[in-house]
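Asker: Relevant sequence annotations retrieved from Swiss-Prot are reproduced here:
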- 2-244: topological domain 'Cytoplasmic' (TOPO_DOM)
- 23: phosphoserine (MOD_RES)
- 25: phosphoserine (MOD_RES)
- 40-62: repeat 'LRR 2' (REPEAT)
- 135: N6-acetyllysine (MOD_RES)
- 229-241: compositional bias 'Basic residues' (COMPBIAS)
- 266-307: topological domain 'Lumenal' (TOPO_DOM)
C-alpha cells in the first residue's frame, strides 16, 4: 500500500500554512498517525486517490475544518464520523456512497456538502439535491443534517421502543420467575406442614399406644384378685332323672303285666293245679306279703304320688 509519507516525503514539507494537500498521491490508505501529529493542518485534501475505506481512528482528527475526499472509491464512512465536530466543509463528490452514518447528524458546524455522483439511497439523494453551485451545496449540508437528525431520532425511538419491549419482557420474566418461586415456596411450606402433621400424628399414636400398654398390666392386676376372691360359679342343680324313672316305670309295668297275666292264668284258669302254677302262686303270695313291708316299694309309691 502507498502512504503519503513514503511517496510524497515528509508531510510537514507539504504543509502550507494550515493546508495539507495529499491529492493525487496514489494513496490506498490514510496516514492517520502522521496527520494526528499535525493538528495545525485544519484543511486536508485527499482527493483523487484510491481510498476505499477510512480507518476508525480517522475520526480522531477533530481539528479538521475542511476535508476533501472527492474522486476516491469510498463505499462508506466510519460509524463515528460525527466526532469530526469542527468540520464545516466536506466534499464527497464522485465516490461509491449509498448511505451516511447516523452520527453524521452530530456535524453541527457543517455548512457545505457535496454528494454528487454517488449511488445514494433514493430518499437521501432527494434530500441532498443536485448541489450544482455554492448555494445548493450549502442547502445540501443543511437539509442532509436535518434528515440525518430525523433518522437519528427515529433510530433512537426505535431503540427506546426495543429497550421498552425488552424491559417489559424482562419484567414478565421476573414476574413469572417470582410467581414460580412463590409457588415453590408455598409448595415447600405445605409439604413441610404436612410432614409436621404426619409426625405429630405418629407421635400421638405412639403416646396413645404407650399409655394403652401401661394400662393393660394394671387392668390385669386389678382383675386377678377379683377372680380369686369372687364366688365360684354355682353348679346347676342336678336334673331330675325323669326319663330314667319313666323307663323304670315302663319296665315295672311290663313286668307287672307279665306277672299279672301269669297270675291270672294260674289263679283263674284250671291250670292252677299244675306244678308250675303252684310254684307261681306260692311265689306270688310270698312276694305280696314281703312287699307290703319293703321300704323301696313304699318310697317308689310315694314318689309317684308326689309327681
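Cβ coordinates are placed from backbone N, Cα and C, and glycine is handled just like the others.
Mind running through what each feature is packed against?
Answerer: Within the model, the topological domain 'Cytoplasmic' (2-244) carries an average pLDDT of 89.
In the shown protein chains, 14 other C-beta atoms lie within 10 A of the C-beta of residue 23 (phosphoserine).
Over all protein chains present, the Cβ of residue 25 (phosphoserine) has 20 other Cβ atoms lying within 10 Å.
Secondary structure counts, DSSP: the repeat 'LRR 2' (40-62) has 5 helix, 3 strand, 15 coil.
DSSP assigns residue 135 (N6-acetyllysine) to a helix in the three-state reduction. Just so you know, the Cβ of residue 135 (N6-acetyllysine) picks up 9 other Cβ atoms within 10 Å once every protein chain is counted.
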